[in-house]
């Protein structure tokens, strides 16, 4: 007589966690950090069409690491939620904490109820409304729905430990955009060097996706930095030239 295969709930959760962590670790890294003018997002991403960084609403941005189809589905759902709430109530009623909580609830439900967890890690960031002086808010949401409020920076995907260690050593509050980008790129290079046996790779315009939430912009704070505008900020980095321009 054969008995049905049994797995304890604890073992099932451990296996789900391991699956999700391995999937996220295979992804290229993403960094989000607060700087003097708002929040800077920097991702290792050679693709120009499969973007890891996005606007969610007027003062709220999104970044993710992991499986693209899964986090893009979450991104679109967040935009729809924000648009609906902003239309039904008031645009100022849409906050980063609110969207982070929605993502945490969604990922927690998927982790416990679906056959396979999402292999994603998310960051939701918000800057103050134009003319206000509130500090930027950074939220990290993990594959199981855990949520954390990070005061300075978030690191996701790839080998996070060397990147986080580099940021702990070099991060400076109220840094300029140029300095913040230099700090973020140097940290990403430290993570890439750890996985490539110590060689410091070149991260330039062609291999980076960069955007900011600019607290000094009225209404919509999100702005991508591409092409020659990014190249100008990377003058100290060895990077290839690109013909694109900064977009609004």
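Cβ coordinates are placed from backbone N, Cα and C, and glycine is handled just like the others.
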Selected residue, Swiss-Prot feature phosphothreonine, from candidates 95, 133, 202: 202
Candidate set 159, 178, 226, annotation phosphothreonine, source Swiss-Prot, matching residue: 178
Site from 84, 106 that Swiss-Prot describes as phosphothreonine, others unannotated there: 84
Euclidean distance between Cα atoms of residue 202 (phosphothreonine) and residue 84 (phosphothreonine), Å: 42
For residue 202 (phosphothreonine), the number of other Cβ atoms found within 10 Å of its own Cβ: 13
